Each structure stands twice: as structure tokens, then as C-alpha cells.
Amino acid sequence: MRPWSPTTPAVEGSKPLRRNWRLISLIITIAFFTMAFLRSFGFGFGLGSLALTFTLPPPALGHENGTSHNSPGLPLVINTWGGPFTAATDAAYLSLLEPQTSALDAVELGCSTCEANQCDGSVGYGGSPDENCETTLDAMIMDGGSMKSGSVAALRRVRNAIGVARAVLEHTTHTMLAGDLATDFAVANGFAAGSLSTGASAAACAAWRAAGCQPNYRINVTPDPASSCGPYAPTPLPPDYDDDDDDADRGVVPEGHDTISMIALHRSGAMAAGTSTNGAGHKVPGRVGDGPITGSGSYVDSDVGGCGATGDGDIMMRFLPCYQAVESLRRGMSPRAAAEDAVRRMLRKYPAVQSGVVVVDREGRHGGAGSGWTFTYAYRGGAMGETAVVSVPPIGLDSEL
């Protein structure tokens, strides 16, 4: 007997089959409307059964086709960089599988994991000593529902910078605290104080000084910063001084990766974002990077999406790339297009800028863009058994979306 289909000619006993087909069609129609309704609340479904399932990512990931990646399902965690940074992705994602964990909790846990692990030496204690051989920390955390954020800048002697940033958010009406008084606030709120330096960071700073303090971030000073450690004094600027090339000519190249910026998307649709970093190595003491700046290191609006960024913070904070990217999402851009638009805005003024931007919309679709290096970002969502890493080749002003 031939397999039955709706077009099979009538044979004996086919009327019950036709009635069954009508019933099956009705069930499928109801199922589709039900799935569409529930999907609006953040759930994902597979059609193999009418049970909750999630889509696994493709084995090879990249941006070669110029499109955003589909959502792997919720919950979802995305952050800058792969390698040692994926431990933070895993920690945040696994925490979201627990019913009591919020998106804000997940971001704090993920960033604090990187702080404790000293991810790539660019996050947490013992990395990126300044000219005085001291490590200081910057961090920010943001709630995408209330749009409140808390941050700390140039934090001294306290390791858990992202935790202190959350304390600023939850226990003050301020957005940022800085320096020694931020440390006082942290200690008053129960955070332990101690040196952020290690034997490795002290040795790195000693080697830098022995090499004539090269490279450094000083310009328009005497003695010549290209061959001297100072102390420095400012030199008068000539009337025709043009500072367009100062950033490009300073000769400072970031070592390894820098900064973890993370976005978490809860099953409920709630979103949060955060950033933690120990900043630029050999920085001028007191320098604050883009990490604690709301809209630069990260930004999130649960009604739209979120963004995390990494790179040359002194340039990037002038453009607020994450704020720009989320607003581009609001205007209808895809995550990939929003990321590329944010990067191009920087490239127009600073063609040599090193940057990386990852963007995710409220449905979990994501994409990234970078310049000056090959940027990577990590994500884990839905029923993924492990974190995936996406490699994003650098773009130029003439690259097409």
C-alpha cells in the first residue's frame, strides 16, 4: 500500500484518515500560534516535538557571510574574547540555569570570574601596572530594565571591582566612584583591601623602567618621553600645533587582549551588561579607561539589546560605541550592522584604532565588528553544551556590511 498523503486517491477506509488529517492540521495550527505567543516571552522551540528545545550553534563560526548569528536560545551570555575569557562565559551561563539567578547576578559572576582568574593579565589584580608600578581597576555594571548603572574607576587595593560597581548601583544614587574614596566605600561595604600587585607585575614594571620607560603615553613634555622616564614637565604648544597624529604616533600597542565586557539575557527577557579591566599597561597614574563609562565599555536596554566593547579605551570613550550600537538596534539595524557602524564611526577619525564591539538584540541574535586586529567573542545559550567562540576579521572604512 502506498503511503497516504492528502492527495492520495480515495480508497476503502480513507475517510477516517481524512478526518485524522483535518485534526492533525488543526493541532499544528494551534501549536504554531502557541509557539509564536510564547516566543514573545523569550522561549524557543523546535518543531521535531512540541516540547521545549533549543538550537545548537554551527560547528564553525565566523563573520565571513556578513550577517548576524541567530539566537541559540535563552538564557544567553555573550562576552568579548575567547581563550581564558570563556571560563567567565560558562560561569555566567550556568548560573542563569538556576531559577533564582538574575541577569545582573550572571554578569557580576562572569566578570568576577575573570577578575579572579586574571584573564589574559588584562583583567583583575596583578596586571597592567602604571608608571608607578601599581595596578588599579575599572569596572561597570548596568541593569537593562531600570537603566541604572554603577561603576568604579581607578579603584585601588580592592580586587573585586565588579562587585564594588554593583554596590555603587544598589547602595547609592550615584553612577561612579573613583580612586581612594572608592576604596573607602568598598571597605565600608565589606570588601577586603590588599595589594593588587604581584611578583610578576612588579617584575614587568621594573623591566619597563630598565628599557627607558618605553612605550608610554606622554606627549608634549620634557624630557623627551621617547627616550626618558621623566619626571616630566609640559612644553608650550606652538600656535600651529596639530594634535591629529598624537594617538597614532604614540607607539603604544596593547599587549594581548584587554577588558571583559559581558551581556546576559535572561529567559524572562531581562538583560544586564558589565565590564571589568585593569586598563592600559604603563598608563599615567590616575588614568581611567572606557570600561567604567556607561555606553562605552558596555550598555544595555532590555527593550532593545546590549553591547560590549574592548580596545583602545582612550579613543573609544570619545565615541560611546556601545550606546551608539544599541541605539542603532533601536532604529532597526541588525546586530552585525550596528557593531560595524559603531566601529566605522571611530575609523573615520582614527584609522589605526584597535577596537572590538559585540552586539546582541533582545531576541538573542548577535554579531560583532572590530578594527586593527582580529577580534573574537564568546557566547553560550539555550541548550549549548559548551561555549562557542566567533572570530571577527578587522574591517576598514571601505568594507561592506
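Including glycine, each Cβ sits where the backbone N, Cα and C put it.
Among the features that TrEMBL reports, active site, nucleophile is placed at Thr259. A sphere of 10 angstroms centred on the C-beta of Thr259 (active site, nucleophile) encloses 32 other C-beta atoms.
With a 10 A radius on its CB, Asp290 (substrate binding site) counts 30 other CB atoms from all the protein chains. According to TrEMBL, the substrate binding site annotation covers Arg287, Val288, Gly289, Asp290, Thr310, Gly311, Asp312, Gly313.
Per TrEMBL, region 'Disordered' is recorded for 228-250.
Under the heading transmembrane segment, TrEMBL lists 21-47.
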When DSSP states are folded down to helix, strand and coil, where does Gly311 (substrate binding site) land? strand
Rounded to an integer, what is the Cα-Cα distance in Å between Gly289 (substrate binding site) and Thr259 (active site, nucleophile)? 10
Residue among binding-site residues Val288, Thr310, Gly313 with least C-beta crowding, 10 angstrom cut-off: Val288
